[in-house]
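Sharing a structure below in C-alpha cells format, with a few things to ask.
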Amino acid sequence: MNLTEDCMVFEDVAIYFSQEEWGILNDAQRHLHSNVMLENFALLSSVGCWHGAKDEEVPSKQCVSVRVLQVTIPKPALSTLKAQPCKMCSSILKDILHLAEHDGTHPEQGLYTCAAEHDLHQKEQIREKLTRSDEWRPSFVNHSAHVGERNFTCTQGGKDFTASSDLLQQQVLNSGWKLYRDTQDGEAFQGEQNDFNSSQGGKDFCHQHGLFEHQKTHNGERPYEFSECGELFRYNSNLIKYQQNHAGERPYEGTEYGKTFIRKSNLVQHQKIHSEGFLSKRSDPIEHQEILSRPTPYECTQCGKAFLTQAHLVGHQKTHTGEQPYECNKCGKFFMYNSKLIRHQKVHTGERRYECSECGKLFMDSFTLGRHQRVHTGERPFECSICGKFFSHRSTLNMHQRVHAGKRLYKCSECGKAFSLKHNVVQHLKIHTGERPYECTECEKAFVRKSHLVQHQKIHTDAFSKRSDLIQHKRIDIRPRPYTCSECGKAFLTQAHLVGHQKIHTGERPYECTQCAKAFVRKSHLVQHEKIHTDAFSKRSDLIQHKRIDLRPRPYVCSECGKAFLTQAHLDGHQKIQTGERRYECNECGKFFLDSYKLVIHQRIHTGEKPYKCSKCGKFFRYRCTLSRHQKVHTGERPYECSECGKFFRDSYKLIIHQRVHTGEKPYECSNCGKFLRYRSTFIKHHKVCTGEKPHECSKCRELFRTKSSLIIHQQSHTGESPFKLRECGKDFNKCNTGQRQKTHTGERSYECGESSKVFKYNSSLIKHQIIHTGKRP
C-alpha cells in the first residue's frame, strides 16, 4: 500500500463555515477558529504538505498527534521536504477565513487591529507572511508523541513548548514583530522588523492581552477598585502598588540610613548613592567605559560635535537648520523628532500609564517617571567638574555650568542685557513691553510672572506669604500663664520662670564669670557668655553661618580691589560697584540704580504705589517686608526675647538694637564732635545739629528745617490746618499725641509707683517722682 494514502493534507482537517454561518459567530468564536486553523496550518507547513508528492520518494515515517490531527512527519535526516508551504493549502486557508477577495489590498497590514471592521482582513496578511517566509516556519527537533512532553523547540532560543501555537507565538517575539494593532492611536511606528504597519496608523502589540489592556485607555475603563477609598485603576498592577502606598507598607530597607522603599528596584537605585562613582543608568562601569571609548566617525560640520551613527548626526543637524517636520494633527504644533511628537500627543489623549510607586503620581512616559523617581531616591548622578555640586538632571547641570563659564547666550534686544537661560530673557522683555498677563481677581493688580501672582494672592487670605512667617507664628504660646509677677504684672508658664524673672527686680545676679567677673541673672546667660573667652560660637546660628563660608576656589579676581569670586557673573556685578556703573535711571528724579528691580521699587515713591495690603485692617504698604512687620501687630507675635531683661520684640533687628542698652554699645561716632551715639536715627539728627544742615525748606516763607516732619508741622501754620482734633472738647493740635491729651478728659492714671503706690498720668511724671525714693537722677 502506498504510504501517502495514510497521510493527510490541510483539506482533511480544515473546518469550513458558510457566509451565513460566519456572520452568526461572535468575535471570540472567530478568534478561536482563526487560532486553531493557524496552528494546524503552521504544523503542516513545518513538516511539508503531500500535495503532488505521489511521484516522489516516500520517506519512512513516524506520527505525532496534535488534537485530532494525524500528521505524517518525515525523519529529519531526509531532505525531501518542500522548501515552502504548499500554495494550494494557503489558498484553502484564505477561503476558509473568507479573505480571498481581499488579496493584495493592503499587503503590509498587521494581523489584529483595535477596530472591529479590520479584524478579519488583517489576519489574512499575517498568514500570507507565513506562506512566504522561512522565518515563520517552526522547526521541530523532538518528535515524540508522549503526552505531557514539550515536543516543539525553538531553534533561536532553544526553549521547548508543548503546542505548536505556543512555539509560533515565541517566534513572533523573537522576530520583534507585533501582531496586534490599535488603530485608534493614530501613531505610525517605524522599524526594520515591523513589517505589519497599517496604512491607517495604529499602535502594535505582541500579545492580544496587551492590545486589550491598551484599549482601556480609549474607553476610559477602570475595572479595578480599591475597597478602602473607592479609587479606580486601569491595571491590576497599579491597584497593588496603590494598596502598598495606602497601607504604608515599605518592606525594603536600606542598610546605610534605614530608609525604606515600596519596591526593591527603588532600594537598589537608592543604594547607588552610598557607593562611589555610581552611574545614572543601570549599567556596569566597564560597559559604560566601552560606550565612552567607541569611535564617533560622524562629525557635524556646523559645531564639530561627533556621533556614533549617521542617523544620530542627521537628527542633530536639525538643531542647526531648525527643521521640524513632525506636525501634531490636533493642535498644529511642530516637532523636530517623531518621538517628541508621540510624547506630545499623549497630552491630548490624557494617557498617563506610568505610575510612581512611591507617591502614586502618573506620568506620560517611562523617561519622565525615571527622572521623577530621583526625587524619592535622592539620586544626583550629574556632577559639576568645577565646583563638585551634584544635580538630578543633566539639563540642570548644563544650566549650572553656564554660571561658571560666564556664558550669557540670550541677549535682550532692547537694553542689551544678557542672560544664561532663555526663559529669563523672555521674562525680562516683559519689563520693556509693560506686559503683565497675570491679574489678581481680588484687587485686579497685574504681575509679570505667575509666581508673583501666587505670592500676592496670599495677602487676601489668612495664609502666610513665607514659610518663615508661619514658623514664627507657631512659636506664639497660647497656653495659660498662671504665675504672675507682683512687681510688673508679667505672667509666666512655670514657677521657675517667675523666680528667674523676679531677680531682675531685686537686682540679684548670682552667676559670675571667672574670666572677667561679669555677673548674670541666669546660668544659661553665663554659659552663653563664657563662649566669648573660647573659640566656640556663642550661638548656634553663628556656627551655621560660619559653616556657610565657601572654601571652594574663587578664580575670578577683581583687578581693582583684589576680591575673588566663584563665578564671572558675581565678578561682573561687583565691578559695577567699582566703576560706579548705574545703567538704570529714574525718569522722575534722575537717580541711577545698579539693578532694574531696585529702580522698580524706587519708582513706587513717585507713583505712590502701595501694592501690599494688610488683610486685617486694610492698610497698604509699599514694601513686602513692611507689611510682614506690620502683620505682627495684629497677631501679637513677639518671638525674639532679650536674654538680659526678658523683654520680647517683633523683629530680630529691634532686639539687636535693644541689647545695646545692656552692652552699652554706641557704634555711631560723630566726625565733628567725636560723640558716640547708640542709634542711627539719633546719629543722623545729631549730625545735622553739628553741621547746621537744614535740608528741608518751606516753599512759602523759605524757612529751613532739619527734619521733614518739622517742615510739615510748620506748613500747617500757613494753611491754618490742625489735623489732630479731640472729640471730647474739639480742641485742635498740630502733633499726633492726642492719646496723651485724652487722659485729661478720662482721668486715666496708668503709671504706678512701686514704693508709694501713687499713680500718674504720664510716664515722665512717674520717673520724676521716683527720684524721691532712690535719690538718683537719670
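Note that Cβ sites are derived from N, Cα and C of the backbone, with glycine treated the same way.
Pulled from Swiss-Prot, these are the listed features:
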DOMAIN    8-101  domain 'KRAB'
ZN_FING   152-174  zinc finger
ZN_FING   196-218  zinc finger
ZN_FING   224-246  zinc finger
ZN_FING   252-274  zinc finger
ZN_FING   326-348  zinc finger
ZN_FING   382-404  zinc finger
ZN_FING   438-460  zinc finger
MOD_RES   Lys466  N6-acetyllysine
ZN_FING   511-533  zinc finger
MOD_RES   Lys539  N6-acetyllysine
ZN_FING   556-578  zinc finger
ZN_FING   584-606  zinc finger
ZN_FING   612-634  zinc finger
ZN_FING   751-773  zinc finger
CROSSLNK  Lys761  SUMO2 cross-link
CROSSLNK  Lys768  SUMO2 cross-link
Using Cβ distances below 8 Å and needing 3 or more such pairs, separated by at least 6 in sequence, tell me whether the zinc finger (612-634) contacts the zinc finger (556-578).
no
Could you state the CA-to-CA distance between Lys768 (SUMO2 cross-link) and Lys761 (SUMO2 cross-link) to the nearest Å?
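About 12 Å separate the Cα atoms of these two residues.
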Looking only at Lys761, Lys768, the recorded sites on record, which one has the least crowded Cβ, with the fewest other Cβ atoms within 10 Å?
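Each of the recorded sites Lys761, Lys768 was scored by Cβ atoms within 10 Å; lowest is Lys768.
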Near the zinc finger (511-533), which residues from the same chain, at least 6 beyond its ends, have a CB less than 8 A from one of its CBs?
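The answer is 500, 503-504, 539, 643-644.
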Let me know the DSSP-derived helix, strand or coil state of Lys761 (SUMO2 cross-link), please.
coil
Suppose you look only at the zinc finger (556-578); what would the mean pLDDT be?
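It averages 80.
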Which range wins on Cβ pairs under 8 Å with the zinc finger (584-606): 224-246, 556-578, 751-773?
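Going through each listed stretch, the top one turns out to be 556-578.
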Write out how many residues of the zinc finger (438-460) are helix, how many strand and how many coil, based on DSSP.
11 helix, 4 strand, 8 coil
Take the zinc finger (326-348) and count its residues per DSSP category (helix H/G/I, strand E/B, coil), listing them in that order.
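When I sort the residues of the zinc finger (326-348) into the three classes, I find 11 helix, 4 strand, 8 coil.
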